[in-house]
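Here's what TrEMBL has on this protein:
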| type | residues | note |
| --- | --- | --- |
| DOMAIN | A:135-198 | domain 'CBS' |
| DOMAIN | A:199-254 | domain 'CBS' |
| TRANSMEM | A:282-302 | transmembrane segment |
| TRANSMEM | A:308-335 | transmembrane segment |
| TRANSMEM | A:356-377 | transmembrane segment |
| TRANSMEM | A:383-405 | transmembrane segment |
| TRANSMEM | A:417-437 | transmembrane segment |
Number of protein chains: 2
Amino acid sequence: MTLVRTSLRTILNEPRPDALERWFGDVTDPRERGEELARLDQERAARLAYLIGPPATARLVEPVDRNTAADFLGQLPLPTLIETIGRIRTDRAAAILREMPSPLVVEVLARLGRERSAPLRTVLAHPPTSAGAHMTPVFIALPADTPAEEAIERVRESAADGAVAFTLYVTGDDGELLGVVPFRALVLAPADRPVGELMRTRVIEVTAEADREEAARLLNAHDLAAIPVVADGRIVGVITADGVADIVEEEATEDAERQGGSAPLDVPYLHASPWKLWKKRILWLLVLFAAEAYTGTVLRHFEEELESAIALAFFIPLLIGTGGNTGTQITTTLIRAMATGEVALRDMGRVIRKEMGTGMLIAVAMAGAAMVRAWTLGVGPQVTLVVVLAVGAIVLWSALVSSILPLVLRRLGIDPAVVSAPFIATLVDGTGLIIYFEVAKLVLW
Amino acid sequence: MTLVRTSLRTILNEPRPDALERWFGDVTDPRERGEELARLDQERAARLAYLIGPPATARLVEPVDRNTAADFLGQLPLPTLIETIGRIRTDRAAAILREMPSPLVVEVLARLGRERSAPLRTVLAHPPTSAGAHMTPVFIALPADTPAEEAIERVRESAADGAVAFTLYVTGDDGELLGVVPFRALVLAPADRPVGELMRTRVIEVTAEADREEAARLLNAHDLAAIPVVADGRIVGVITADGVADIVEEEATEDAERQGGSAPLDVPYLHASPWKLWKKRILWLLVLFAAEAYTGTVLRHFEEELESAIALAFFIPLLIGTGGNTGTQITTTLIRAMATGEVALRDMGRVIRKEMGTGMLIAVAMAGAAMVRAWTLGVGPQVTLVVVLAVGAIVLWSALVSSILPLVLRRLGIDPAVVSAPFIATLVDGTGLIIYFEVAKLVLW
């Protein structure tokens, strides 16, 4: 199905309307569109915006990744940029502006016209990970005595005006949120029924300062099309299912990066310089290095034992590696189960029993594997016995630590996602060596 | 805000209607409801279903996690179970039935009545990770000449009948999909306009056999409320945004488990027995053990060098640990960037240049840290030099391998998520030791 297509860049060398139109027809995936936009230089970007005009430019960049959109729009002449930003829906426009240099943002907001800049300023005033930063401040609010028919008419007008959520909010005299009427309920109701009789009064809402993850969790848990954002009891905006999909994706990326043992990047990977990547990674590397340095102390402590049975050294990476692997399997599964809310603090007992049971089974299997390996290395029966016993003990120890630690951290209010694979490997390395050499001392001397 | 609430279990000891009603009012989060349902025994489960009746039972379990819903419903008397299943929307009912024992499912389907069992059988016939398994086969399809007003009326009727997607599909005489009319477009159109003139003909669709991830990707990329599922060109069902949220969550969990170096669990963690967990984990542990066993061969090969400078052994865990950590940081970031589509195969050159640049900066920092550590262990200037050089070389080597490997696997059609933290650590351990001892041979002898 993939044909060789003319790239947007080539088309813009000598643009013909039909070629451009064909491109818009063929390339519909926002991700692909973004990739092609990213490859335009300033001249071609400006030419494209000029040819299709601000409304089409706004529709083009709106669903594209915000960094790409910001880079592309930043290349346009200022008047074109301002007119285009003015036509992008508020939550997306704010997300794009956050990626632009501040002087340009100040300029754009100053020249945008109050009606359009005021809602953008409202959204931009909230910290990037708050619910307020992801809302769109355009929503439909009506008094309780509005008849259903009139409300539908108002929704039609608002939709033409660019409101993104069709959900109707019923508000009191001071703008306080009284209830909510889903659009489907509105359409299915008799024409003269006042919206106050149709509304659900138990409204699921978030405050503007709440964490954006809370908004995402509530919207998904209750299968809502949009969730209202309130400040001082008044509705100030809504977050749509769409906005939540973006939040969920960004949070998942941050968790993945934490699990890999680095601080989350706040820009897309390809936009990050080596210097930026270094800054995000080096702290954890040094912390882990310092913790792992302890293994040197342990080994020096057992220097004599090591010298008298050098074969013990052969198994060091294998034993501590197996301990780390066992632990990593447990923590990743557990941290994910905690993130989806499946495992809670009070399940601690169940988790430990389950993991110790599994650890026992794994210890037996790995002891068998260790026996085979010791035999193939030809290290003699005594060292073999040490290795077999040590691997079993290390697997059990690692399982115990790995199943308790994430729950303890959660208990202390620390995000358990910091227990990354490198973290658990480091923790088990030093303690695993102590177990190994203590077993060796028992068996060999 | 958290009050001490009476649990559902306690309420059902001696149920009073007002207590039950208060519970439904207080506990609205499906996750919390699920947790309380999971704690009911057979007697209380049956009592609850009897008290609230099948329609309310269906509404209660529909949004709850499917394993919990299946366990709860499985405890009910067969006639109650059948009536309840018949009232749950098809995609959710199918998901719940998949978690029940087959003989029970056969019994339920046989006694459900053809009208209700036929769509369920259609969905259940598709493999669990296909798009078809997540569709609901109830949708609204009308001929192209239907006027908008009439279409709205039909949507109202369908909504009352339990259709979940309000999107209108326009079909030809043989059921072939001609176009799609979003509900908002329908509501905003003049009453007599035929839907054929309102429809978009470039329809985003998936085939029933397509991977469910493809459906999720398309729906999110195009911001759709629902995506039609086709078989032989005919529309057979729709997947809603809701269904997609479930797919995305399950796929993210599977990826997290793979990244932790185990096979994905196909049941929730708390439902998995130690035996089941063992089966999912042991294969990768043994594979990694076998690969890591190579470190023993390397160390035996350098036995003489090790015996003549036992201090070299002190740094083994530290050096290979640092190599593994560096690599894990890179692979997790890269695999996530590939999963979100941000990094593609053709970015290979950029990725490697970026990572080698970052690797250089990290190597310098870690070499400094290694110097400090060697000095504190008091191992003399020669071994210190070996350790400093080796840590730099291992960091660079690990960065190179970790940045190339995920892209190469993708090229070969293998899911790069298999490059877990334990995988990369194992790979770097053996090769890192070779680097270490080769550097030692150069410097010391």
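Even glycines carry a Cβ here, placed using N, Cα and C.
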Residue numbers, six or more beyond the limits of the transmembrane segment (A:356-377), whose CB comes under 8 Å of its CB atoms: 311, 314-315, 318, 322, 326, 383-384, 387-389, 391-393, 395-396, 398-400, 403
Selection from A:282-302, A:383-405, A:417-437, the stretch that has most Cβ pairs under 8 A to the transmembrane segment (A:308-335): A:383-405
Within the domain 'CBS' (A:135-198), residues counted as helix, strand or coil by DSSP: 24 helix, 16 strand, 24 coil
Chain residues in Cβ proximity to the transmembrane segment (A:417-437) (below 8 Å; excluding those fewer than six residues from its ends, i.e. six or more beyond): 255, 258-261, 284, 288, 291-292, 294-295, 298-299, 302, 305, 312, 315-316, 319-320, 323-324, 327-328, 331-332, 335, 339, 386, 390, 393-394, 397-398, 401-402, 405-406, 409
Model confidence over the domain 'CBS' (A:199-254), averaged pLDDT: 87
